[in-house]
Each structure stands twice: as structure tokens, then as C-alpha cells.
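Notes follow the structure.
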Amino acid sequence: MAAPTNRKERGEAMHQWGARGGPVGGARAAMLLWLWRWLCLCVCCCPARGLRIHEYLYFQVLSPGDIRYIFTATPAKDFGGVFNTRYDQIHLVPADPPEACGELNNGVFIQDQIALVERGGCSFLSKTRVIQEHGGRAVIIADNAYDNDSFYIEMIQDSSRRTADIPALFLLGRDGYMIRRSLEQHGLPWAVISIPVNVTSIPTYEMMQPPWTFW
């Protein structure tokens, strides 16, 4: 049987394992939780350097407080750089216009920060280059399907043979939507985040994942 490849599949696999037998009651629940988190950490976690496709990178929103969660993103497959530095507090700035396919109205705020961009309108590489040209340190591209809370898209180069040097990450559409909505509700131009986050160093009881996604 092939190994589960995403969070929902891993959760379903754990559920099926429990249904076939094993420890019962609270002991079974504890065992399932421990085993499932162990699989997540083994399959998903990696150091900040040398990230490869199908590996996850984590970042935490520090403010606004109502979305103070740890989010999961995936790096582009064959373009962009990697995080050689951990940013304890850096701005995550939604691009204006959101698709970032050309000149930005808020480019001055993206310089030396990280941009939150929406999928669509142009290639992933084009968006990354636009953010790079505006001085951004990285770009997080959220799916434009706002109900997507589990499916990660593989970001690849376009046919232009161009390159980009800054890290480019893909974010679930639901996560991107909830971040932008929170900023709009609070009237804030950006969120403050920490990236990348080493989740192996965080106690399980402190792991705050978005409640609308399946960990």
C-alpha cells in the first residue's frame, strides 16, 4: 500500500488503523495522536536549507492575534531560492493588486518583507519575479480557490526560461483567504510572521494549527 501523501490521507490512515483494532479507549486515542504527529514530523518537516518539493515549510502568524496559528506551505519545485535565514518578525504584506502580475501599488511596503500573493493571471514564476523586483525577500502564493484546505499545487517554471532567486511558497487557498480577511477586518496593511518555524522544537500542546484545516 502506498504511503499517505497529504494530511487528510494520513489522518484517514490513522482512523482506519484504529478501526481495525489496537489500544482501546483513551489509550488508543493517545496512541493514534502520537503516531499521527510522528508521521507528520517525519514526512513533512525539514531544515530551513535545501527544501525539496513535497516537503513542507512552516510559518507562524504573530499578529493579528485571531489568526495566531502555524501555517503550512510548500516550496516551488524548480525555481526560487531557499530560506537561509530565519525571520523572527517580518511583515507578510498582501500584494496590491493581489495577483501581482505587474507593477504593484504597494511595492514600497513589500521591500525587505514577504509578499502574500494570489494565484491566477500569470505564472507562479512571473509573480515571484515581480515580488523580487520590488525588493521582497520571499513570496507566498495562495490558491485562488478559497475553499481549498488540503490540496497543494506543484509550482513549476513557465516556458520563458527566466529565473528567480527569492523563495516562493504555495499556500492553501483557505489559509490565504483567512489571513487576508483578518487583516481587512482589523484594518491592517500586513501581518507579522515568523518564518521558517521548526515545529519539531514546539511542544505538542503549543502547536496551534488553523482550526479550519486538517493537520
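Every residue, even glycine, has its Cβ placed from backbone N, Cα and C.
Note that the structure is predicted; figures quoted are calculated from it, not measured.
What TrEMBL says about this one:
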SIGNAL    1-50  signal peptide
DOMAIN    92-176  domain 'PA'
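Under DSSP, the residues of the domain 'PA' (92-176) split into helix, strand and coil as follows: 18 helix, 17 strand, 50 coil. Mean per-residue pLDDT, taken over the domain 'PA' (92-176), amounts to 96.
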